Amino acid sequence: MDSIDLVFFSDHKGRPSNPLLDQLPSYQSLLYHKKQSLSSSTKRRGSVRGHFGSLTSGKWISAKMDERSSSSQQLIREQPKTMEEKRRAKEQHVAQDQDLHGWIHWHVHACRIFKRVKVDSLEVLSALVLFRGDIRVIEGMFGTGILSYFSFLRFLVLLNFVMFLLMFGFVIFPIAVAPHASGNITYSQADGSECTDYPSSSRRGLVVFHQYITDLLSGTGFLEQTYLFYGYYKVEAINFHKCTYNIPLAYLLVTIAYLFLSLIWIVKRSAVGFKRSLIQDEDRFQSFCNKVFAGWDFCITNENAARLKRRSLLYELKTDLEEERIKQKIAERTRYEKFRIYILRIVLNLFVIAVLAGCFYSIYRATIYSAQNEQKTNFILDLIIEYLPSIVITLGNFITPLIFSVIIQFEDYSAAFEIRFTLMRCVFMRLASIAVLLLSLWSQITSCSIDDCPCGYNHKLYPCWESRVGQEMYKLMIFDFLIIGAVTVFVEFPRKIIVNHFNCGLAKLWGQQEFSIPQNVLEIVYGQTICWIGTFYCPLLPAITTIKYCIVFYIKKVSLTNNCRPATRPFRASSSNFFFLVVLLIGLALACIPVTVSIAQISCSQACGPFTNYTTSWEVIPHTVSQIPHGLRALFYALSSEAFAVSFFVVTCLAMFYIIALAGAHKRVISQLREQLAMEGRDKHFLIQKLCQAQKSARCRDMPSKSLMVREQTSSYINPNHDHAGMFLAQSGADTATHV
Amino acid sequence: MGNKQTIFTDEQLDAYQDCTFFTRKEILRLHGRYHELAPHLVPMDYTNDPDVKVPLALIVNMPELKENPFRNRIVESFSEDGLGNLSFNDFVDMFSVLSEMAPRELKAIYAFKIYDFNVDNFICKEDLEKTLNKLTKEELTPEEVNLVCEKAIEESDLDGDNKLSFADFENMISRAPDFLSSLHLQHLSDTLIQNDLQSVVTGTVPPWSNSGLNVYLRDTMVVSRT
């Protein structure tokens, strides 16, 4: 046989594919690699196969080659050709360019150089990416599911760092640098009323050593009157030579800016995942095709990781088959069973609500107790009372997921829905516990022993309530960090030692630690929400969060590589990125509420902070707007008027309705096109079958005039041969009968 | 860094840079890896385009491919003779298509070739069964395998011929969310490659079993007990 045919029948079985199908344009675009050039091989193929339209196919091929050679350079690397063919295409392209003259030639040349420079600079920049080496190692060992958690963590480190830079650059730096840059700082003056009385919190007399530790961990004492908390920024303005720097305005604007920046950055990052999940069909979320063809992470290089991946894929497939069976079972449920299930679900949901209410109530009581009992008896007891709200919240966050995962098994949902529902409950628990803490603090702050508070807040208990809130957030942050470290050291490492060295039943039951991605993500989203809320009251909190997340990255990496095996039900990488960002957005939305309320509603402290001359923090802005020149002021008044707000709202609603309608229309078009595609395929088969029948009958008529060799060749195509998958001609007769 | 004057000419490097998704440094690194696979077969000097092919058996032992169940098919689909013997051009092509910069359409074309075991332009049920068995190392029962293959074909077969043509495959891949991220071979860490290249340049080519790659992998393996 010809060497060309050996290339075609590379499995050496000599199976011929249908000559008509080979000439179809869709097949031509898939031509396999061949040694010789396209046109010569097609000519030879035409001669071997006989005279079935080889001339037309040859013409078509040469036309396609012209088309290809004229494609732009950047598409050369995206074409499925061998290196030689790509090089030839490039040389043709270069030869074409030589013919260009003057400006066009220079333009093309400049574009090429620019592209080269861009690629090189991107390479340099990519070397500066944070945690690059560590993430590569994790990807190689555990695949892309767990990788998504770590790249999410890296994103948060960057976000917090940028927030810190904003706060530092616009608020802290001017204050710190003013004396050196010959700026004159005007502090807000105390006017002697009782509201402005701020007792000093630094400890006097003989201070025991552990007092410093308590102060460090709870932000009281020597830390209270530092840059760390809101109360220190009692600056009204900084007067430089040519201008005055308005610190209160800067403080407020930076707060609004970091919230907006976080929102925009997260939305931008989630846009890709959102698009993908819109296109994806909900039913096919964990489709079989996705598992078979895209299930294996080609990044895995480690033998153990490969074994674990294989096992998890096996488990997934078995679970999916099980789910199919369950789906059938659900479809066959009787009415009595449905009734029973619904009653059970209602009861269990009420139980869940009761559990949540219990947790929230205990957080409320713990906050009030901690605020009101400030005994300095015992060091450890003192610390525990200070940290009581954080301890209760953390306990709640540990216990409730266990309760939820037990309850959900009785509710008889499908497995995919089970995971999502449990997760939503846990998210709600975590974020609502912060809300409850803040609510209880707020009730403490705004309730006075007398009926109306003269200063607008409880100035006896909280002379500087913003610092107090800042301290609570600071304590939450520190405690969260300590818990992550403590759990890793005191729970995960011993667990590994016990499971590896003791063979008792309990150890087997407990099993090796699984890196549960959803729970870990909730942990860091919780921390980030605290940071967003707390930055207004504790401006250095983003810096602390950045350092905390950097350390958490390494703790988690070490724990992962030493203690954990991957989860048996792995989280899909693509959908998980979107899920993380959605949860983060919920956290951001939650964080905006207390900040907005406290800026706009609650009277700011008269004794500390930059807003002592205003009733609420928001008042800075109307005050500043009233001082700017007339034209700009009129613009701002127009922007804040009701007319503008209503029309903006209406326009936004219209835009949203339009986009939703467009998305619906696209979905319909997609399903129509899918049906059309199926129909076209059937048409194609039908037509080819008819054509072959017609050719067969024509050949039978002309048979005596043809050569023997051709007859032998053609008869091999006509012979039904069921082993050859490519030979569908005889089969398709039977198929179309069943499909049409 | 390798002495690029002696390995490739500038025109060759330019051509590689245009025809693949790699930069000059990465192409030189890849040449170092290729040379390491068969140091006595692969010349260091590629300026006159030598016609050298590394056999399949050596390539599938690379650390990036060693654990991949489809390693034989991957190498075969990038080779010109279909038997898995890769020249350097094919080698670079393979890494380029499977890198993270390649677009989805290009990866889909090659993925179709990889999964088409009997090379007949269709992914039929037998191809699917072979894919599944390689993925799970034959730990599913035959009826489960049958069920999964049937479901997969049912989900993606649009023209009703009970096997997947390229159009069906591409349509299904566009809806598979993990395809792009899973079909990607990463390079091993840069310092490691650097070390290997260093040893190549200084002339002390270590035997494969003692190279830095294996030591690194040994040290970072997860210890787990079943």
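Here the Cβ of each residue, glycine as well, is placed from N, Cα and C on the backbone.
Caution: TrEMBL annotation is automatic and unverified by curators.
What TrEMBL records for this protein:
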type	residues	note
DOMAIN	A:464-574	domain 'TMC'
REGION	A:66-86	region 'Disordered'
TRANSMEM	A:155-177	transmembrane segment
TRANSMEM	A:249-267	transmembrane segment
TRANSMEM	A:342-364	transmembrane segment
TRANSMEM	A:384-410	transmembrane segment
TRANSMEM	A:422-442	transmembrane segment
TRANSMEM	A:473-493	transmembrane segment
TRANSMEM	A:578-602	transmembrane segment
TRANSMEM	A:643-665	transmembrane segment
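Applying DSSP to the domain 'TMC' (A:464-574) sorts its residues as follows: 86 helix, 4 strand, 21 coil. A contact between the transmembrane segment (A:578-602) and the transmembrane segment (A:249-267) is present, since 3 or more of their C-beta pairs, 6 or more residues apart, lie under 8 Å. Of the Cβ pairs linking the transmembrane segment (A:422-442) with the transmembrane segment (A:342-364) and spaced 6 or more residues apart, 3 or more are under 8 Å, so the two regions touch. Within the model, the domain 'TMC' (A:464-574) shows a mean pLDDT value of 84, rounded to a whole number.
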